[in-house]
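Trainee: What follows is a single structure, and I will ask about it in a moment.
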């Protein structure tokens, strides 16, 4: 029982702050995104090269999905939700790189992302509908339901966090068990399944965040 | 191995098994209903599959809760010193 999946694997310390492998992977993903998007693509051109065209396909696919959920112009929400999806996709797929561990498989990263979603739901709700009207929807069908509405807000954020964490961590754990039981080639199908799970979880996290934001701005019935 | 550890292992097994049976059953029902709906109205497949994915994620969360409880019992049991 020494290889607990809940304990972060500490690589080194900066001062007294322990830096775990998942934090280093997060920095790697951030550096990769920055270098690929800013340095190698540079400023967007009208005559798109192959790299920019490929990126535009991804961005337009995300925007199209958001448009279908929100039923309104998705572009104000693209900086948050689009980068959430791209970051989560890369983070969940980090398991296939040797030496990297998916940061979403440890509790801190999903907790931080769920907190960002929780705060931005209120931010977009207040910005779109005004504070009075936005907080008024907590009193909606009946003022007696206020505690349940607040509780629902908190538990859905909690389950957003636990869902991502549980899926990624359990998958990592399954691979560890399979590697422990049987040698070299056997874990490969599980790794392929992990690619599928990672992309689906990134999609689900983004879509749920979109649905929550849509509920806050009054576009979607939640 | 003392009494509490044995009981927590049994508890973890029960949590995982029941947390696998019922979400699997309900996910099967949800997928069957969605497939029926897609077979009737293939043009609504996009909306249906998006809603299906979100619904499956909601159902699966229950299974994940059971898994988290089982792992807490096995690895971070507050009653084992």
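Note: Cβ is positioned from N, Cα and C throughout, glycine not excepted.
The model shown is predicted, which means the values in this text are computed figures rather than measured ones.
Sharing the features that TrEMBL gives for it:
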- B:10-73: domain 'V-ATPase proteolipid subunit C-like' (DOMAIN)
- B:60: site 'Reversibly protonated during proton transport' (SITE)
- B:6-25: transmembrane segment (TRANSMEM)
- B:52-76: transmembrane segment (TRANSMEM)
Trainee: Average the per-residue pLDDT over the domain 'V-ATPase proteolipid subunit C-like' (B:10-73) and send me the rounded value.
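Mentor: It averages 89.
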Trainee: Give the number of CB atoms, excluding that of residue B:60 (site 'Reversibly protonated during proton transport') itself, located within 10 Å of its CB.
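Mentor: Counting Cβ neighbours of residue B:60 (site 'Reversibly protonated during proton transport') within 10 Å gives 19.
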Trainee: Any idea what DSSP makes of residue B:60 (site 'Reversibly protonated during proton transport'), helix, strand or coil?
Mentor: helix
Trainee: Can you tell me how the residues of the domain 'V-ATPase proteolipid subunit C-like' (B:10-73) break down into helix, strand and coil by DSSP?
Mentor: 63 helix, 0 strand, 1 coil
